[in-house]
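The following block contains the structure, expressed as structure tokens.
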């Protein structure tokens with residue numbers, strides 16, 4: 001009597017449990033299909049992927065700007081040439097410290113290089129925590145200051161390099177690059193070009209930071 005009464009109860013409970021499992025699986029499958037077909041979900045996933053790429057690009061560009069600024073600093077600070085002929089009282093040589101503008105260029109680009117190195121940890125923070133606004137805002141402000149210093153030093157050095165190549169007949173300034181070819185062409189001119197590469201990278205960094213802050 002007890003066995004016959006308990007058998008239907010077990011069968012009924014097992015069937016109810018199997019139906020609930022099937023219903024749960026069907027509901028989960030339905031939710032996954034809705035999320036997969038939801039354009040808003042795809043848009044958010046695509047936006048997050050693009051934001052991650054932009055943040056990583058910021059770090060890569062900072063590495064490039066650091067290399068360019070350091071290259072400009074080292075090249076200009078080591079620019080020196082001595083002509084093979086000399087007199088009893090004079091020896092013809094040219095170095096960056098002979099021109100105050102080039103000395104300012106070396107100091108300014110050294111400051112920019114130091115800032116770029118110090119900014120790398122903040123860029124890493126924006127990669128790890130992209131939702132934080134304060135580090136990116138701080139980078140935007142100091143990037144603008146560094147861009148101003150970089151541009152001013154590069155522009156001033158460009159004017160001196162131009163005079164060294166072409167001279168100025170009205171002011172009776174001779175073109176010294178006809179004699180000091182290594183100092184002008186391979187060293188000081190290369191440093192100025194490298195500094196302007198850093199300027200271009202700074203502009204891209206500032207634009208990326210501004211766009212990221214606007215979307216935050």
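The backbone N, Cα and C atoms fix where each Cβ goes, glycine too.
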Would you please say which range out of 53-74, 75-96 has the annotation transmembrane segment in TrEMBL?
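It is 53-74 that TrEMBL annotates as transmembrane segment.
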Looking only at residues six or more beyond either end of the transmembrane segment (191-213), which have a C-beta under 8 A from one in the stretch?
51, 54-55, 57-58, 61-62, 64-65, 68-69, 71-73, 75-76, 79, 105, 109, 112, 133, 136-137, 139-140, 143-144, 146-147, 150-151, 153-154, 157-158, 161
